[in-house]
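Residues or ranges marked as domain 'Cytochrome oxidase subunit II transmembrane region profile' in TrEMBL: A:59-159. The domain 'Cytochrome oxidase subunit II copper A binding' feature in TrEMBL is assigned to A:161-313. The transmembrane segment annotation in TrEMBL covers A:6-23, A:44-65, A:85-110, A:131-152.
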Amino acid sequence: MYGFLIVLGLLLLVSVIWMVYRVQTLVSVMKGSEKKIASGSNKVNAAMFMVFLILSFILMAWYSVKEFDNYQLPIASEHGQITDNLFWITMAVTGFIFILTHILLFWFPYKYQYEENKRAAYYPDNNKLEIIWTLVPALVLTVLVISGWRAWKDITSPAPENAHVIELLGYQFAWDIRYAGQDNQLGRHDFRLTNATNSRGVDFTDENALDDFESNRVVIPKGEPVLFRIRARDVLHSVFAPHMRLKMDAVPGMPTRFWFTPTKTTAEMREETGNPEFEYEIACTEVCGSGHFSMRRVIEVVTPEEYQQWLAEQKPFIVQNPDLVANLPADKKKVAEIMIEENK
Amino acid sequence: MAVVNTATHGDHAHEVHDDHHDNFITKYIFSTDHKMIGKQFLVTGIFWALIGGFLSILFRLQLGFPEMDMSFLRPILGGWITETGELDQNFYLALVTMHGTIMVFFVLTAGLSGTFSNFLIPLQIGARDMASGFMNMLSYWFFFVSGLIMFASLFLEKGPAGGGWVVYPPLSALEQAIPGSGMGMTLWLIAMVFFIASTLLGGINYITTIINMRTKGMTFARLPLTIWSFFLTAVIGLLSFPVLFAAALLLVFDRSFGTSFYLADIYIGGEALPHTGGSPVLYQHLFWFLGHPEVYIVLLPALGITSEVIATNSRKPIFGYKAMIISMLGITILSFVVWAHHMFVSGMNPFLGSVFMFLTLIIAVPSAVKVFNYLTTLWRGNLIFTPAMLFSIGLVSFFISGGLTGIFLGNSAIDIQLHDTYFVVAHFHLVMGSASFFGLMAGVYHWFPKMFGRMMDSKLGYIHFWLTFIGVYMVFFPMHYIGIAGFPRRYYSWTNFDFANMYTDLNMFVSIAAIVTFAAQFIFLFNFFYSMYKGRKAPHNPWRSNTLEWTTPINPGHGNWPGEIPSVYRWPYDYSKPGSAADFIPQTVPLSATPESNLPHEEELVKLEKQIMAEEGQVLVANESNK
Ligand code: HEM
Ligand SMILES: [Cu+2]
Ligand SMILES: [Cu+2]
């Protein structure tokens, strides 16, 4: 049925096109406009450029202003402030060029449309002009690049010593979160150790791993540096926290990292946006299979005090599941058991 | 082939050609005539554009109308529509992947370069055919086979490749990860190998022909910008496609022979794989070493075509001919050293990120120069809006809009947020997709009379242009907003996330605009095929253009010129030259014949010209007496 309708629609379309075509050919033969260099359509097309210029600018300006609060996500990290500034500076510069060049591009066709007894200017080159419009963009770009480079250098610099270390492990199709625990050191991992009870492949012979714990949301303190250590278990994924202006691929076999300092707690953000359900989110931005669009995790930014309190409540893996250390060599097992006792 | 010595002006090769009678097979199928091969590329390209466009409509339906019951598509898509009438999620990714692959490689590389390099190079440089007609034919047939294989992969039970057009491993290497990485990916790789072979065969031919077979007087400084752009495009392709081949080959090894070039430390489907030591980032480096130059392979021919069309229809010389060539050269060279700007957040060393940020923003400079030169060419022209001219102006607009967003993305600090969002989608669809597509259209409208001896209907062309131009902006401009808002690419649906659970109206708008724009292409199709048989007969030089192709007969045969190949005495942009009565002086008119319009430095050349013509005469006489 639908197929029939589609075919019918296509036939209709083609016949309309054909009729328009025939009618206007006959008309143009009558008028003899075939013989002219530029027919009456030339004026119409020239005018259309102006119409397009004006209407589309109005549309763009109206929509950009009206939607500003929608597309401009609130910023919640220190470096996000800087990169957003760069973004809007670049927007100002390119926006100016965009408007200027488009006015010229659409106004010239209108202004210099064909006239029978006019002649175009023979103006093949002008080295001075060429040099000017090579140098000016070069200079402007240099300024943009240098400011971008300085921001990039800071963002990618090594994390401060005191950064809270959190591991994000991407897999099809979710993120596993692991905290470094009291010692703020993540235990080693080995993908060969992965199994149903140890989904992160944590190596519990490493003492640093004993106090590591899991969480189903990323809880972090406001105003203190946080270091994401990012891994992938199967294919590429990418951590994207839009409000933190943070993105980093998760690569199997090559741990990556990104550090940042959150500036607003979830509660503050709820107030600011007037949305009592607001949550910071993590999404995946590297295509990874059918569930790519559903790898959601929540980041909860809390005050440092709340954070310490929360931290104290968390139970290490080995406390939650003592079987994890059942097969360790005797000496390591001893340490682990003490750890379990302490955390009971 | 006797064709090779055309540079010596008076050979009789064409007569030899006229003698043998073409049958259907040698004329239309296994043709070695560059014009026919060009048309073959064009028609095949149009076929693929329809397929690629149709796929995009399918996933736009999903994005614009996520709630829609798609059962009505079951006759076409069969099992890819689930019981509940939804699009299968894996198939969604397959659609995106195939759309990208088809558009980038089959339409905008083969369909554009293949068509116009083949069709125009011999005609515009004054040669009887390509250096090797046979290799040229092979080039088309490798492309054809590549297409067949890719097409077949659409019908596999588990679907075609689904890892995105960049097919990053490990996703593309592991069948456990996505069904498309099984047979679908195998066919993708085989198809690409044929495609690469096709591109290389074509490219070698273009380069050789341009270097060796220019007619007398056709120095490099007198080549139309179209030829310059085809030349540089072929050079880029020749240097970069082999790297894609290498990347694909290593991927084949990883997939089928247990090597670990790209694979390491993977636990999937309940087991740890034996691979260690490989690097997925290595693949990205190899891929983008082709991938970035590829975007210029797609764009440069379009820019070349546009330069020619704008100059002709402005009745003005292209402004800054030399600057245009230098910027294209600059782009060619720089395009090889910016690839890692696609990888700022791939986990590669941030220092590399800094280096590539500097290099990337340098490439914006020659692009800017080109834009200013186009604008100045329009300035004080006498503009005739043929459909080709409209599409060229449209191209410049897209090139500006899309190029400017490149400046955001090239800045690694800003790219952190924008990478892999719809902002990138907007960027490259404008600057690469739409701009090149408009270049292709401009070329078709402009050279249709030369291809088929008939005119396309210009009114339909105008309607086609305006619908497409407005449509493209309505489709891609809103994507900037969506991208700034952080919507990730290649998402089946955005409703899982609070931050992206909006703009349903805007996405619906985009989808409707996409459908209308796609429908508008049928106006073109009608115009194209109808005019081919029923169009008004073309005059000799319908656009009053200077270049050589318009000196051939209206329907040029094998060998292009029935008599001698004309010599060239001037550059191709003598439009509206002061002193000359006509507003154009074809390249074949000697300077000595136009004393009224010669510039001072050209007067010098006249003396030289006379001397050469005298020598010519002697040679000709000698030839005659040798007979
Ligand atoms: C002004 C010069 C340009 C600059 C600075 C620039 C910069 C960039 C950057 C940095 C990206 C990566 C964005 C990301 O993935 O996060 C990108 C993506 C892209 N650019 Fe450009 N670009 C420019 C011009 C062009 C041109 C002229 C073309 C095509 C003719 C083009 C085609 C593409 C494509 C196809 C992609 C996306 C590939 C993908 O991820 O699938 N760009 N551009
Ligand atoms: Cu993903
Ligand atoms: Cu690039």
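Cβ from N, Cα, C; glycine included.
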Legend entry - Beyond the flanks of the transmembrane segment (A:6-23) by at least 6 residues, Cβ under 8 Å: none
Legend entry - Stretch-averaged pLDDT - the domain 'Cytochrome oxidase subunit II copper A binding' (A:161-313): 94
Inset, instruction - By DSSP assignment, list the helix, strand and coil residue numbers for the domain 'Cytochrome oxidase subunit II transmembrane region profile' (A:59-159), in that order. - result: 75 helix, 2 strand, 24 coil
Legend entry - Folded-back contacts onto the transmembrane segment (A:44-65), same chain, C-beta under 8 angstroms, at least six residues removed: 99, 102-103, 106-107, 109-110, 113
